[in-house]
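Please read the structure below before turning to the comments.
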Amino acid sequence: MRVLGVDCGSERTGWGVIDSDGGCHRMVAAGVIRTSPKCPFDRRLLEIGTALRGLIREHTPEFAAVEEVFHAVNAKTALKLAHVRGVALLTIAEAGVVFAEYSPLEVKMSVVGYGRAEKSQVQMMVQSLLRLPEVIASEDASDALAIAICHATHQATHEATSRRLG
């Protein structure tokens, strides 16, 4: 299965595409969609949606996974993040890609085995699980890959359970 993971942010939206059989994962591509804080917010949302649309067209994922909104200290930041997530989810849905949402705790549990893991621990496990020669430098791209791995693992478990139950 091919999975697109998205880690939303108003200035940096991480993305990562993996191929997976549920147990073995391979990175296809990863990166960051960057928008300027000097740009009007509506323009930044448009740039994020356009970039995601292009990534979906280029990599043709079967599934997409997006991290749920965490509880931010700053309400304005949380609201902006919610807008970015809305654009991401709409873009994914318009492309006909099945998507799922996972909390940061679920992603960390799935990838590291500990829901309160540090970012550096997540980065190291992403490197290990994808058999990469080095850690992904961008936390945003690494987080997006972790989200994709989380979904691939959940999807494989769901499919295996469905087969057993008939």
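Any Cβ shown, glycine's included, is placed from N, Cα and C.
Annotated features in Swiss-Prot:
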- Asp7: active site (ACT_SITE)
- Glu67: active site (ACT_SITE)
- Asp140: active site (ACT_SITE)
- Asp7, Asp140: Mg(2+) 1 binding site (BINDING)
- Glu67: Mg(2+) 2 binding site (BINDING)
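According to DSSP, Glu67 (active site) is assigned to a strand segment.
Asp7 (active site) falls within a strand when secondary structure is assigned with DSSP. Packing around Glu67 (active site) is summarised by its Cβ count: 24 other Cβ atoms lie within 10 angstroms of its Cβ, all protein chains included.
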